[in-house]
Amino acid sequence: HIRNHFGSKPFKCNKCSYSCVNKSMLNSHLKSHSNVYQYRCADCAYATKY
């Protein structure tokens, strides 16, 4: 929580300039670089990564 106050973002993406305060946010961001769509609608062609 304290990192939010000081602007420290030690978790950095190795594929772009994104950085964040915790590892779970970085893991969520890394999905944006993936071509894997985990969630698909059973009734149509809609799919999303997260």
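Heads up, the Cβ atoms here are built off N, Cα and C, so glycines get one too.
Annotated features in Swiss-Prot:
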| type | residues | note |
| --- | --- | --- |
| ZN_FING | 1-5 | zinc finger |
| ZN_FING | 11-33 | zinc finger |
| ZN_FING | 39-50 | zinc finger |
So which residues does the zinc finger (1-5) touch in its own chain, when a touch means Cβ under 8 Å and the partner is 6 or more beyond its ends?
21-22
Take the zinc finger (1-5) and count its residues per DSSP category (helix H/G/I, strand E/B, coil), listing them in that order.
4 helix, 0 strand, 1 coil
With DSSP as the yardstick, break the zinc finger (39-50) down into helix, strand and coil residue counts.
0 helix, 4 strand, 8 coil
From the DSSP assignment alone, can you count helix, strand and coil residues within the zinc finger (11-33)?
11 helix, 4 strand, 8 coil
Integer average pLDDT (0 to 100) for the zinc finger (11-33):
94
